[in-house]
Amino acid sequence: MSKVGTSDSKNTLYCSFCGKSQHEVRKLIAGPTVFICDECVELCMDIIREENKSSLVKSRDGIPTPKEICKVLDDYVIGQGHAKKVLSVAVHNHYKRLNHQTKHNDVELAKSNILLIGPTGSGKTLLAQTLARILDVPFTMADATTLTEAGYVGEDVENIILKLLQAADYNVERAQRGIVYIDEIDKISRKSDNPSITRDVSGEGVQQALLKIMEGTVASVPPQGGRKHPQQEFLQVDTTNILFICGGAFAGLEKIISARGRSTSIGFAAQVLAPEDRRTGEIFRHVEPEDLLKYGLIPEFVGRLPVVATLEDLDEASLKKILTDPKNALVKQYQRLFEMENIELTFADEALGAVARKAIERKTGARGLRSILESILLETMFDLPGLEGVEEVVISREVVDGTARPLYIYADRSDRAAESSASA
């Protein structure tokens, strides 16, 4: 908007809000007396979205409806419609129970903790994180593989509550309404059918230790963390109203479910699909408590997780959406990196499909998308800072398959020929 002293740039326009020139941004929108760039418009949209989210949480006595929760989950998590419905209803009922437990004393509503079962990279952790963000409650994550029974080397179960307290800035009241997500819960399954063979301090022992805090107890938490020791003051945290969400890939559970299905489907009319003919996520939909018991979870622990949400394998269409649709989508992140070099990065639609298929072949789900893109763009990102005149880099399906190099388009339109074609 303002003019610069040099004759070369006296007609350069600037954003009235951030001060960037028209050459530093994609778009500069003119008003009667001001200019605003596309980046500032995006920032304004983010602020409005955050305001809308906070107003959503404050509506209806602080409890968004299941449909409202599910709608916000759709903005962050691609696919998994069934799991979103299960989670939305469970979380809505949980916080409705908290808000009304002092109003009606005739019927006591029990807490419903949640178990998420799904393949690697299907969105279990992201769902739990997004729920906490929607509800504006303290949230912490714990890795079940690091937990051991009290008195053994490893992390005490009560340290989970300490982390939640830290997330709540040591506000005990807020922490007591928070959400705890315990990942890799399948890794603490019982290591043997006979629990008396050895002392299983990281398997069944951890399940036993988790029982109390999941059901509801007053945990004595050391304020500075670590092991308890005498002459130490403890913080008392009631875990009765803390929502526990446990997640795991449960590798091998599909075989247990399929075996149970085969035993009940016999006769000439029975249609039995081989395990390889069905996707893991589809098989998980038929999970029963008895399957979890056979997997190695103890009956008391399964009883503390009455709500089970199963996630399906992400198909090619879902993985393509994950690459491009979310606000912090991977493709947008790499495009931003290239923009810093004043170069446009373009992915052909067939290239995105090829990336998605690679992730499916590797069975890494959404988690494996970044490593695939990193390997595709490695040579380009290595060479790019030293290349002169490159205006655009195009990634085709052949580049993803490894049969061609990225197409470099130069600013001089008479020489659009690329450094590309064929290699292998």
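Each Cβ is built from the backbone N, Cα and C atoms, and glycine gets one as well.
Pulled from Swiss-Prot:
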{"type": "DOMAIN", "residues": "3-56", "note": "domain 'ClpX-type ZB'"}
{"type": "BINDING", "residues": "Cys15, Cys18, Cys37, Cys40", "note": "Zn(2+) binding site"}
{"type": "BINDING", "residues": "Pro119, Thr120, Gly121, Ser122, Gly123, Lys124, Thr125, Leu126", "note": "ATP binding site"}
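Listed in sequence order, the residues of the same chain lying 6 or more apart from Ser122 (ATP binding site) and placing their CB within less than 8 Å of its CB are Gln80, Gly281, Leu311, Glu312, Asp313, Leu314, Gly365, Ala366. In sequence order, Cys15, Phe17, Cys18 are the residues of the chain that are 6 or more apart from Cys40 (Zn(2+) binding site) and have a CB within less than 8 Å of its CB.
Lys124 (ATP binding site) carries a helical DSSP state (H, G or I). In this structure the C-alpha atoms belonging to Pro119 (ATP binding site) and Cys37 (Zn(2+) binding site) are separated by 42 Å.
Across the residues of the domain 'ClpX-type ZB' (3-56), the predicted structure has a mean pLDDT of 77.
Cys15 (Zn(2+) binding site) carries neither a helix nor a strand DSSP state and counts as coil. Taking every protein chain shown into account, Cys15, Cys18 are the binding-site residues, and of these the Cβ with the most other Cβ atoms within 10 Å belongs to Cys15.
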